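What follows is one structure encoded as structure tokens, with my remarks underneath.
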Amino acid sequence: MQFAHITIFVKNKEVEMINFSKMHGAGNDFIVVRAEDINGIDYCVLAKKVCDRHFGIGADGLMVVEESEKYDIKMSYYNSDGSVGEMCGNGIRCFSKFVYEKNIVKKENILVDTLAGVKKIELTIDGNGKVEKILVDMGKPEIKAKAVPVITDKETFINEVIKIEDLSVKVSSILMGVPHTVIFVDEIKEKEVYEIGAKIEKHNIYPQNTNVNFVEIVNRGFIKVDTWERGAGKTLACGTGVCSSVYIAYLLNHVDKRVNVNVPGGKMTIYINNDDEVFMEGTANFICDGKFFCKENY
Ligand SMILES: N[C@H](CCC[C@H](N)C(=O)O)C(=O)O
């Protein structure tokens, strides 16, 4: 696959290269750039190019740091296939660490605007002034089928059976900023995450597609999750997916209100408060800073 030149102009000056940071949250990896460095370019096109793991930098998604009139800052998120993700749980932890440590928003409590609404972030800073962990108020998920959205005549889509070729799969779908479908299994099998995940992602009952989470309940305070992501495929973690998995497991009385979650790339802790709001606590890591050469021909 050959990519043509990517030409970027900022204030009529052609951009030779873009500064970026590579980060990850539980192994879900991202490229972070600042809008002021790339104003005017089609972010979906840029995401596809820079996220490519052979012809680009390589990542599950691209995050763009943008000004916000109403809140501290705005996060725009794009999956590696170039599609827009209204929210990204692992991404917003990395984003918050980025804006704090790069002195863009030097506050321990940050309001981040996203296409899925504003998110409240609480940073824990270590003795070296670095962000040690991040608590995200993910808000209250929407369980009405029409909000996810799911094409069905049912009010909600919890514990419903769908057909995948000759397979019948019991699923539950909610909106956690982005559409999520959860499948409870006795044991997570990576082959099923790839094969069944890919088919459910684009199942015709999901007009905006869906992320697909495979969940193993270990006990009422500990689960394992493996996710096939909408617009990115199999990832090592999915923050909104982990929150969706815990919330549905709680709805079905499989877990309590505080759950530790292991994912292939790391771990998170999820809390549900008395108002059904979901909180996600986890870490975020810088991998490297770099310069993306725009004019190189891939
Ligand atoms: N693929 C998702 C967005 C990224 C979600 C995931 N990376 C997370 O940590 O929540 C979607 O388009 O619905």
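We count from 1, first residue shown onward.
Including glycine, each Cβ sits where the backbone N, Cα and C put it.
Going by TrEMBL, these are the annotated features:
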- Asn28, Asn79, Gly89, Asn90, Asn211, Glu229, Arg230, Gly239, Thr240: substrate binding site (BINDING)
- Cys88: active site, proton donor (ACT_SITE)
- Cys88: active site (ACT_SITE)
- Cys238: active site, proton acceptor (ACT_SITE)
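Known features from TrEMBL, placed on the structure.
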| residue | record | DSSP class |
| --- | --- | --- |
| Asn28 | substrate binding site | strand |
| Cys88 | active site, proton donor | coil |
| Asn211 | substrate binding site | strand |
| Arg230 | substrate binding site | coil |
| Cys238 | active site, proton acceptor | coil |
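Taking the Cα of Cys88 (active site, proton donor) as the reference point, the closest of the recorded positions Asn28, Asn211, Arg230, Cys238 is Cys238. The Cβ centroid of Asn28, Asn79, Gly89, Asn90, Asn211, Glu229, Arg230, Gly239, Thr240 marks the substrate site; residues of that chain outside this set whose Cβ lies within 8 Å of it are Asp60, Gly61, Gly85, Cys88, Gly91, Val178, Thr227, Ala232, Thr235, Ala237, Cys238, Gly241, given in sequence order. On its own chain, Asn28 (substrate binding site) has Asp60, Gly61, Asn90, Gly91, Thr235, Leu236, Ala237, Cys238, Gly239, Gly265 as residues at least 6 apart in sequence with a Cβ closer than 8 Å to its own Cβ. Taken over all pairs of the listed substrate-binding residues (Asn28, Asn79, Gly89, Asn90, Asn211, Glu229, Arg230, Gly239, Thr240), the Cα spread reaches a maximum of 14 Å, rounded to the nearest whole number. Neighbour counts of Cβ atoms within 10 Å were taken for the binding-site residues Asn211, Thr240; the minimum is at Asn211. Within the group of recorded positions (Cys88, Gly89, Arg230, Cys238), the Cβ with the highest number of other Cβ atoms inside 10 Å belongs to Cys238.
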